[in-house]
Amino acid sequence: MAVLRASKQALRKDLKRRLAALSAEEKQRQSLVLSRKLLEHPKYISSQRVAVFLSMDDEVRTEEIIRDIFKRGKSCFIPRYLSSSSHMDMLKINSLQDLEKLPLTSWNIRQPSDDCKSREEALSSGGLDLVLMPGLGFDLNGGRLGRGKGFYDTYLRRCSEHPIGKPYTIALAFKEQLCQKVPVGCNDVLIDEVLYEEQ
């Protein structure tokens, strides 16, 4: 366990260094390429209930995707992280204007407030068809390195217990985030697919 933790920490450090070297223009360029790839993806086209992360500075930008979700009349769910634990819910947002009114967290991303009870939570209703995954690093065998809090791994295990079952998972990755092999343990949930800009 200690060896796994140490190898994850070392890889996180390396990935943060790689991401810090990326210019804002290059992140924006790759984000647009990936957004277009996703919008043509058969799994995205066929999904009605989509969970999407709101990007931190070192993550693929998701604004275009969120705009498209609303344009196509799909249901859009975004994460609400409880910073005191590894608990996360996916709550429904109704429009871009609705999103813009949400408060900012200490991570500088918008999310519904902790005491908001009026929004639909994906797992208490119809589940999810597709979850777009953030992360620091990914390999092509489904390994994903997050930030160490376990939000998504815990949430995907909860999804597996929902009558609709585990949703399809697609990670959005800058090509600098691809790794030969991400160290994974028994609590890490593998993802179905990684979208990145191929050479």
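The backbone N, Cα and C atoms fix where each Cβ goes, glycine too.
These come from TrEMBL:
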BINDING   LYS8, GLN9, ALA10, LEU11, ARG12, ARG144, LEU145, GLY146, ARG147, GLY148, LYS149, GLY150, PHE151, TYR152  ATP binding site
BINDING   LEU54, GLU59  substrate binding site
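Looking only at other Cβ atoms within 10 Å, the busiest spot among the binding-site residues LYS8, ARG12, ARG147 turns out to be LYS8. Between the CA atoms of LYS149 (ATP binding site) and GLU59 (substrate binding site) there is a gap of 16 Å. Here the C-alpha separation of PHE151 (ATP binding site) and LEU54 (substrate binding site) works out to 14 Å. LEU145 (ATP binding site) and GLU59 (substrate binding site) have their C-alpha atoms 13 Å apart, to the nearest angstrom. The two recorded residues ARG12 (ATP binding site) and LEU54 (substrate binding site) have their Cα atoms spaced 20 Å from each other.
Cβ neighbours of ALA10 (ATP binding site) (same chain, under 8 Å, six or more residues apart in sequence): none. Comparing GLU59 (substrate binding site) with ARG147 (ATP binding site), their Cα atoms are 12 Å apart once rounded. Note: the CA-CA distance between ARG147 (ATP binding site) and LEU54 (substrate binding site) rounds to 15 Å. In this structure the C-alpha atoms belonging to LEU54 (substrate binding site) and LYS8 (ATP binding site) are separated by 24 Å.
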